[in-house]
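I have placed the structure first, in the form of structure tokens, so that the comments after it can refer back to it.
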Amino acid sequence: MQWRSIVVGLLLLRLAFSFILWLTFGLGPSWGFNFPINFNFSLHKIELFGEKVGADPRSGAWLRHLAGHHHHHGQGHPRTCSQTEEHGYKKPYLRFFEDGGDEYAKKYSFFPEKLKAEMRGMARDMFYFGYENYMKYAFPEDELNPIDCQGRGPDVLNPSNININDVLGNYSLTLIDTLDTLLVLGNVSEFHRAVKLVIDTVSFDKDSTVQVFEANIRILGSLISAHILLTDSKQPFGNVGLEDYDNELLHLAHDLAVRLLPAFENTGTGIPYPRVNLKSGVPPDTINETCTAGAGSLLVEFGILSRLIGDSTFEWVARRAVKALWNLRSNETGLLGNVVNIQTGQWVGKQSGLGAGMDSFYEYLLKSYILFGEKEDYKMFKAAYESIHNHLRRGREACNEGEGDPPLYVNVNMFNGQIMNTWIDSLQAFFPGLQVLNGDVENAICLHAFYYAIWKRFGALPERYNWQLQAPDVLFYPLRPELVESTYLLYQATKNPFYLHVGMDILQSIEKYTKVRCGYATLHHVVDKSKEDRMESFFLSETCKYLYLLFDEDNPLHKSESKYIFTTEGHVVPIDKRFREKQWNDGELSDQDMTNVPHTNTSNVRPLRVPGMQRSSLFHVLCFQCDRIPDERRYALPLKSVYMRQIDHMVGLS
């Protein structure tokens, strides 16, 4: 029995040693150590919330507390943990996460071809289960209620229900939003049938008050995308031309855009009203406040439309709104807020972050540059990206080396960069994908890993997650695509099998927790997995599309010599030379007052003959330094096991 006593003694000694280290370095329960005792003195928390107004938010005081000193290295820059180690200071903090690291490599470093084909089929089946039930039970209404197997349209009895009415306009939303997904899945015959249904049944002459942003990205963007794919001489999906097609989708897109134009009239700043009635214009009781993303994410769709039809009006009003917002940024930080008064230009919401209310504003600065080649767009994006890193980013300097907390982008006050709250939202999960487009693959890897860890914990992304409390603040998950999108783009950039495993986890979770009788339902509560009877159109337009593309290496989009980009709603558009050519002079509208912006009578919109429909020549995207991942790491884990384990503990995974 003596050997048993020795073993027990050694175990107790190890536990005591671990407990002493835990106390010494403040690694409390908030970092995933689920001890029953909470001393509430985590050094990370004390420093993070001890930031004083006026202090430099880039200083990373909460990190330097771990290092045991508070100096700056050089002028205005914090001394990093890796620099400290070079001078002999050893910090054992990350050793807590080193044990068992090999399990990550064993799990994520290989993905069999057979399993990839199985997941591709699963993603395809998921799409068709939702799409076919929409067509069977809901069309021509906007959305499917997948639990009751019924259609859903605008809430006419409660016009103030903007959660529904901002999106649903009584114009077969889900069918339109899904058009190009049918082509991505290779179903040309159903794509043709859907296009004909849209042409024959959809009208925008409706007494519907919709959000300009939602109508733009879901409806206008999809109509433009489907039109371009129908007429693309490169034919990436094969011969998908429709006999007797006479640009009807483009005419519908023009009709809708004209009905959105009143939102840009009679505003003191040129920033559009958030909502417009498709028949009568801006409602008399509309509010004078809008979010940055809603007003500043119209340029891609409006710009393509202008360049297709040779009418500068649409691009001009969208570009003017972007410039107006940009000019309202803080002189101190370079940041924008999230809600602005369109008449006065005063910031109503002073929070600056990467999620709801701001996300696609940054996205469209970069994508507009890629599509149109306007240097001013990239100049704005570059400055915005620098401000984001200076004021929103917390954590160690390098993603994949050094000591300290994992990088995280927090919500701050736009004027001083101080933290405003301790939550992030699921929409922010798009940002790693944008970082990939900008060539910042290393930072994309780290932020993506954080969101994936949250997904692993709950089997979904809560709408808001409190990183301080390790708990959801807002508990629902409406089948959003942002994490899937970033996973897909990171896989395209790295070809690392880790991201196939991430996609499989997401796919299986959605199938397990959200599938119901007639489709896939919103999760009302990510913990107890209760559901709401709604399947938003972006589930078919984006979530299923990105999941399918992730596992379909031979998809025409991946094999084509042409280059394509996705809109913020996941619609496919080519990077086409004709979109970098304008059929108007830059000065045509520059001196016009908004009251003189051309306005077409919506009651008499006629199809227009489209110039420039000849064979287009596509060109390669400007290189955004996407080869930053060293060759020797291509087939290793994208993030070292020690850092993966650290992030897992950070979100409460054991």
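Positions of Cβ are set from backbone N, Cα and C atoms, glycine also.
Bear in mind that TrEMBL entries carry predicted annotations, made automatically and left uncurated.
Keep in mind the model is a prediction, meaning the values are calculated, not measured.
Residues or ranges marked as active site, proton donor in TrEMBL: E214. Residues or ranges marked as active site by TrEMBL: D359, E463, E482. Among the features that TrEMBL reports, Ca(2+) binding site is placed at T568.
Counting only the Cα atoms, the space from E463 (active site) to D359 (active site) is about 14 angstrom. Listed in sequence order, the residues of the same chain lying 6 or more apart from D359 (active site) and placing their CB within less than 8 Å of its CB are A293, L427, Q428, F430, F431, T568.
On a Cα basis, the residue listed as 'active site, proton donor' lies 16 Å away from E482 (active site). Annotation for E214 (active site, proton donor): spatial neighbours D166, V167, criterion Cβ-Cβ under 8 Å with sequence separation of six or more. A simple Cβ count within 10 Å picks out one of the active-site residues E463, E482 as the most packed, and that one is E482.
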